[in-house]
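**Q** So that we are looking at the same thing, I have put the structure below in C-alpha cells.
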Amino acid sequence: MKKLLIFLLIICLLPITNIQAIENDITPNAGGAILIDADSKQILYNKNADKKLFPASTTKIMTMIIMFEAINDKKISFNDQVTTSKYAASMGGSQVYLEEGESMSLEDMFKSIAIASANDASVAVSEYIAGNTDKFVAMMNQKAKELNLKNTHFENVTGLHDNNHYTCPYDLAIMASYLIKIGGNKLLNVTSLYDSYIREDTKQSFWLVNTNKLLKLYDGVDGLKTGYTKEAGYCLVTTVKRNEQRLIGVVMKESEPKTRNEEMCNLLDYGFNNYKREVIYKKDSIIEKHVVDKMNNLAINVICKEDIAYIKAKANDQKYTTKIIYKEDLLPVKKGDFVATLTVLCDDKEITSYNLYSDNDVEKATYFSKLIKTFKLFF
C-alpha cells in the first residue's frame, strides 16, 4: 500500500503534458522522430532524436545541399548540361534510366532527384560538381561537420545501404532546415510538385511522380524527401508552412508507407495544434545602437537579417528574455559584418539564437586621431 501511494503521488506531480505524451505517443512505430521549427530550430517533439539510423534516400537532402551551395556560389547553373557517366547509368534502385553519354540540364537532373529520388541523377550531379563521387562524399561529410551534425556519416550520394552510412532524426531536421534556407523557392517550387516531366518536348520525355504522397494528403506540404531500404525502413522528412510558421518533421525506420504517412500527419498536427510562433523583431529591424568607440562617440546600428522569433506552447504563458553577446575587437566594422549573437531565453532556458549584423561602417581610430581628440579635451 505504501509503495502504491508513493507511485500515485509521483504521477500526480508529473506535468499533465508529460503524462499525455507518455500515454499518447504520436509516433509509436517510428524508430526515431523529431519535429522542429524551421527558423529557430526549436525542438517541439522528439523520440530517439539522436539515435543513429540508416537514412536511405533522405541522404539526398545533403546531396542537394552541396548542389545548391555550388549554384549560389555561381560555380554551376541550372542551365548547365550534365553528361551521364557509365557509373551513373549503372545505378540501381530509384532512377530515371539515364543512358551512358546522355546529357541533360542540371535543372532536369535536380527535378529527377527531388521528385523521383533518382539515384542515377544523384551520381551524375555529384560527378559534375566534384569530378567523382568520392570527392563529393567528402564534401558531404565536411558540410555535416560545419553544420555540427554529430551523428551523421556518409559513404555515398544516394542512400543505398552501407553499414557506415547513417544519420539521426535531429541531424536530418537540421539538414532540411539548411537546405530550405539556401534553396528557397527554387527548391520548394520543385519539391512541392506531385508530378512533372524531364526531357520535355522530346521523344524521350519522362514522367516524374513524387515519392512524397503527403503532397496530396496533408494541407500545405511543400517538401521534402522520402527514403526506403530494407535496412532503413520507411523514412520521411516533411515540411509545411502555415501562418508564417514552418515546421519540419522527420520519421525514420517505419514499418510501412501507410504508417509512415499517418505518424507524420500526427506529428504535424501536434505541432500546429499546440504551438505558435512569436516574433520579437522583424527582419531588418534595428535591435539597438552599440557604441564601439566611446572616445570618438562612434556606434553601429545592430540589425537582424531574418525575423527573430521563438515558438511557444499555446497553453502556456511563457515569458521570454533576450541577451546579446558582442564579438571582441569589433573595429573596424563594415556594413553587413557579423557583430553579435542574440539568444532567446524562456524561463531562463536558452531556446534559440540568431546572428546580428552591423548596418553601417565604422573605421578604427588612428593613433593621430586619438591624439587630436585627447588634445581637444584640454583646450
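Every residue, even glycine, has its Cβ placed from backbone N, Cα and C.
All annotation found in TrEMBL is predicted automatically rather than curated by experts.
Since we're looking at a predicted model, the values are computed, not measured.
Residues or ranges marked as signal peptide in TrEMBL: 1-21. According to TrEMBL, the feature active site, acyl-ester intermediate maps to S57. According to TrEMBL, the active site, proton acceptor annotation covers K60. Summarising the annotation, TrEMBL assigns active site to S117. Per TrEMBL, substrate binding site is recorded for K225. Annotated domain 'Peptidase S11 D-Ala-D-Ala carboxypeptidase A C-terminal' per TrEMBL: 275-364, in sequence order.
Can you walk me through where each of these features ends up in the structure?
**A** Listed in sequence order, the residues of the same chain lying 6 or more apart from S57 (active site, acyl-ester intermediate) and placing their CB within less than 8 Å of its CB are S94, S117, N119, T158, G159, T211, K225, T226, G227, Y228, C235.
Over all protein chains present, the Cβ of K60 (active site, proton acceptor) has 28 other Cβ atoms lying within 10 Å.
In the three-state DSSP assignment, the secondary structure recorded for S117 (active site) is coil.
For K225 (substrate binding site), the number of other Cβ atoms no farther than 10 Å from its own Cβ, over all displayed protein chains, is 30.
The DSSP breakdown of the domain 'Peptidase S11 D-Ala-D-Ala carboxypeptidase A C-terminal' (275-364), given as helix, strand and coil counts, is 0 helix, 56 strand, 34 coil.
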**Q** What mean pLDDT does the predicted model reach across the domain 'Peptidase S11 D-Ala-D-Ala carboxypeptidase A C-terminal' (275-364)?
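**A** Looking only at the domain 'Peptidase S11 D-Ala-D-Ala carboxypeptidase A C-terminal' (275-364), pLDDT averages out to 91.
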**Q** Through the lens of DSSP with three states only, how would you label K225 (substrate binding site)?
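**A** The residue in question, K225 (substrate binding site), is strand (DSSP, three-state).
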